[in-house]
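Everything below concerns the one structure shown next.
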Amino acid sequence: MFLVNVWTSMLVVLLCRGLPLVDTVPGDANSSSSPTPSTPVEPPCDNCSQVTLKVEFSTSIVNHEYIVVFNGYFSAKARGHFIGSALRSSEALGWRIVPRDNPASDYPSDFEVVQIRQASRQGLLALEDHPYIKRVTPQRRVLRSLKYSDAPCNESRWSQKWQSSRPLRRASLSLGSGFWHATGRHSSRRLLRAIPRHVAQILQADVLWQMGHTGSGVKVAVFDTGLSEKHPHFKNVKERTNWTNEKTLDDGLGHGTFVAGVIASMRECHGFAPDSELHIFRVFTNNQVSYTSWFLDAFNYAILKKMDVLNLSIGGPDFMDHPFVDKVWELTANKVIMVSAIGNDGPLYGTLNNPADQMDVIGELPGGYGRVKPDIVTYGSGVRGSGMKEGCRSLSGTSVASPVVAGAVTLLASTVLNRELVNPASMKQALIASARRLPGVNMFEQGHGKLDLLRAYQILNSYRPQASLSPSYIDLTECPYMWPYCSQPIYYGGMPTIVNVTILNGMGVTGRILDKPIWQPYLPQNGDHIDVAMSYSPVLWPWAGYLAVSISVAKKAASWEGVAQGHVMVTVASPAENDSKVGGELTSTVKLPVKVKIVPTPPRSKRVLWDQYHNLRYPPGYFPRDNLRMKNDPLDWNGDHIHTNFRDMYQHLRSMGYFVEVLGAPITCFDASQYGTLLMVDSEEEYFPEEISKLRRDIDNGLSLIVFSDWYNTSVMRKVKFYDENTRQWWMPDTGGANVPALNDLISVWGMAFSDGLYEGDFTMADHDMYYASGCSIARFPDDGIVIAETLKDQGLEVLKQETAVVENVPILGLYQTPSEGGGRIALYGDSNCIDDSHRQKDCFWLLDALLQFTAYSMTPEPQPLQEQDAPPRAPSAPCQRDWRVRDPSSTPRR
């Protein structure tokens, strides 16, 4: 399963043979260090064509080098003058402009690479303050690793391994085959096999060839490892350019040749568009190294040469590489349809990759989910492409996705007589409008459905410039396609449901929404029972924007049950490029149907609020795994979310009759009187003093709190640090499995605290087998509270000294009724792995049920005296017990 991105925001998932992710060495936003060979990697050669290719990318900062981006394109002399005038008045010493000898050197440029041996903050600020300088960022090096492995030709087994970590790298495009099972959960979907034919034939490209469409007149840029000059598969290689520091244009690895073959090979293993005009950009060395500046120069040259399609077979989470991000937007604005990797880690929160995780893909949106990604799905297993010197080979894996889509887009573009109509927006509109829906798969996994090349051809050849929406409708009753929106009805007093819709503007690169979107309720269909608010992009650029639709239930429907419908009307305007009238505009009006299911407001005891605000959306640094036993997957790169890695828990709560809402704002921003329990799991962010004060008042007034923590130990954090050979720096974790000091600040007002102990082990609680996976213990708890202790292994001692010790009476669960009249209840548990899908060994959903019974109904275990034994370090003074016996509740449910 692969994800790729066709700008603007054209994403495709390829149904392919599953590949488990390659393990990586820990890294952070400035560095990650996957092993990279120092010599070219030759693929294994045999008579069997089934070869799996795994690609790893990593990035690191180049010491002392900075990319200086200007506000426009200037000559080399002018750029040098601007930099010199800024640095001469600063404290920067030993600076020079790094020479760049490549085909773009003869043209004006919008950036320079500056080396400053003794860079000071003042020197960098002096550069940033110059009126012609837009931004100063570190130069980055990109490292790529190609790993080939053989598989039997008739291999029928499919890997079931699912890995959810997000390695910090420009990542490969593979997904574990567990991605594609039926809709119950991520780790149980059955993979669809590819048909053993040429992928172009599978997608019926041969039908378009017979009609005379073969890619003629379309310029395709291939950014990769180069191509041999006299390769027999290619008849229209217009230009080969080298952007590296090696003096060769040839492909020493075979990767670039394979990619070019999938797009444009004319014999043996036919590409999609054999008559397209190939432009080969060699941006990786034989040692698989590249730099941001090499890409920027090559991108500028691609714009200058008016490329139509650009294939970039890389992608990674380095979303803060601003020059790279900005340049991709500029390419798109210049009508370049860019196909790039979006990553292989979804569907999880925060897993889209650069350049596909930019604003016009997932957007800086006001709330709710990102936009629907991917957009379409298609095949991609056993794809045949050109060998490095001659012949063909088949690959399954990472480098298949981008060229398959780039080839299909190139072929489609060549079928349009009026090429002015082809742009990133119109191409995406045609592809998603023609896609065929797959049954049993939600929209965040299949987008609009399976790529249908012939239907896309028909739509594109009758296309008229217009605006469109993705998704084209909102139906919160349609399951499983609209999951998770459809998983829970809406009700009065609930958090608004926010659906983020992409506005595609095929009329022009820039546009705007006229007046404002209009909500039109269908009164016969109870449309007046919902309130709809919208926020939207003030400017649609490039080719796209967002429309955020916020849906809530009107007060008059607080006790009503039924379905409500209406639609949102949006009118988009764009400047008419060829209009004889000055100031003329093209307009397009689109309708977004809305349908929702409403139920009466549930009782307070059944409403659970999940704290998403204090979970990281994009972990910005080095965060170790919650379970330290997972040595093959040591980093926590994915953001936690109740609908992704806590999906099983969410579905369990829904099946038990609970209504779960997501808090995406500070604690100060919600009405606690509406909810029975606030659920905090594996929190990483700090809490503002105002949040701590508000939560105390809320609990005094009846809100209950359940906290699932994780480990935090500074000695262990120092032990799991790593040395990055690229930057020659030690990287320390920013926190442990959870931010325990922040949690302790939050709960200290009740005399509670988690410890820095680190424990693991199997035990039994209430006849349930349990596993404690790198959790912490409770260090302090009120005397009148209830604490449950277990015998566990001291994992901290094992990590630090490689010694084994068993500790008895480790307090892991605490229950407390606050003393105020009508006050809420608090439950603490030291480990979240038992409710997290990522590496869960034994679930504890029954425990969560019991805790919710406690917070809602005051159902608590009977205290059982412990046997005489030594107390563990930092144990609370409250009695500890192992039995989980539920007493008859003495209080009525809180409503």
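In case you wondered, yes, glycine gets a Cβ from its N, Cα and C as well.
No curator has checked TrEMBL annotations; they are predicted automatically.
Feature list (source: TrEMBL):
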ACT_SITE  ASP224  active site, charge relay system
ACT_SITE  HIS255  active site, charge relay system
ACT_SITE  SER399  active site, charge relay system
DOMAIN    61-140  domain 'Membrane-bound transcription factor site-1 protease-like N-terminal'
DOMAIN    215-449  domain 'Peptidase S8/S53'
DOMAIN    470-601  domain 'MBTPS1 third'
REGION    861-895  region 'Disordered'
SIGNAL    1-24  signal peptide
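Around HIS255 (active site, charge relay system), a 10 Å sphere centred on its CB holds 27 further CB atoms from the protein chains shown. Spacing of ASP224 (active site, charge relay system) relative to HIS255 (active site, charge relay system) is 7 Å (Cα to Cα, whole number).
For the domain 'MBTPS1 third' (470-601), DSSP puts the residue distribution at 12 helix, 66 strand, 54 coil.
Cβ neighbour count for ASP224 (active site, charge relay system): 27 (other Cβ atoms within 10 Å of its Cβ, all protein chains included). Taken residue by residue, the domain 'Membrane-bound transcription factor site-1 protease-like N-terminal' (61-140) breaks down under DSSP into 25 helix, 37 strand, 18 coil. Confidence in the domain 'Peptidase S8/S53' (215-449), given as mean pLDDT, stands at 83.
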